[in-house]
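Listed in TrEMBL:
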ACT_SITE  C82  active site, nucleophile
ACT_SITE  H176  active site, charge relay system
ACT_SITE  E178  active site, charge relay system
BINDING   G50, E51, S52, R111, I140, R141  L-glutamine binding site
Amino acid sequence: MSDTPVIGVLALQGDVREHLIALASADALARPVRRPEELAEVDGLVIPGGESTTMSKLASLFGMLEPLRERVRDGMPVYGTCAGMILLADKILDPRSGQETVGGIDMIVRRNAFGRQNESFEAAVEVAGIEGGPVEGVFIRAPWVESVGAQTEVVAEHGGHIVAVRQGNALATSFHPELTGDHRVHALFVDMVRAVG
Ligand code: GLN
């Protein structure tokens, strides 16, 4: 891999465009990924925010669920925000019927844990591994992490709840750094992708 890794954004549903912009600002070559052939060509992948039930249904419909599981299992760096965090969880506490995940992070997540759409909020969040002060966390019907396994590192908490975790090459945040114009979390992920290359 060159110094400019190719990073995909899973583009089945959700805030794809914002992630493409944030990744490009963090010096990655960013492109949307919808099909297994496109997934095969990227060095890392972002799973955006949106609606996790819809996203998992579309992933299954597009024949992406197994290829995603396989690449994550093989160690491809992956970063999930909000609904993307839910997709990376090995277990959902309150899944909708038939809701599947890609998995990869040994954690249990609670969907919509911070409340409904009109209870969305912003808060300063200190993230381990990110210098220069807290990031502005945008929480939109956000999940939190109920519990983590021994291999999962908690990298941020808010209000006593886990809101960012890392396990190996997988990173997940309850909040949406792609909406803030502060690209430090994306830069951290780009560095994770570079480290694998
Ligand atoms: N609550 C949504 C879900 O369950 C996630 C919301 C978001 O990604 N902003 O998928």
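Backbone N, Cα and C define each Cβ position, glycine as well.
Here the features listed in TrEMBL are placed on the structure.
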residue: G50; record: L-glutamine binding site; Cβ within 10 Å: 21
residue: E51; record: L-glutamine binding site; Cβ within 10 Å: 17
residue: S52; record: L-glutamine binding site; Cβ within 10 Å: 29
residue: C82; record: active site, nucleophile; Cβ within 10 Å: 28
residue: R111; record: L-glutamine binding site; Cβ within 10 Å: 22
residue: I140; record: L-glutamine binding site; Cβ within 10 Å: 19
residue: R141; record: L-glutamine binding site; Cβ within 10 Å: 18
residue: H176; record: active site, charge relay system; Cβ within 10 Å: 26
residue: E178; record: active site, charge relay system; Cβ within 10 Å: 28
Local backbone state of E51 (L-glutamine binding site), from DSSP in three classes: coil
In sequence order, the active-site residues (C82, H176, E178) whose C-alpha falls within 10 A of R111 (L-glutamine binding site): C82
Between E51 (L-glutamine binding site) and E178 (active site, charge relay system), the C-alpha gap once rounded to whole angstrom: 16
Proximal residue to S52 (L-glutamine binding site) among active-site residues C82, H176, E178 (C-alpha distance): C82
Cβ under 6 Å from ligand 1: qualifying recorded positions of S52, C82, R111, E178: S52, C82, R111
Distance, the residue listed as 'active site, nucleophile' to G50 (L-glutamine binding site) (CA atoms, angstrom): 7
Rounded inter-Cα distance in Å - E178 (active site, charge relay system), C82 (active site, nucleophile): 11
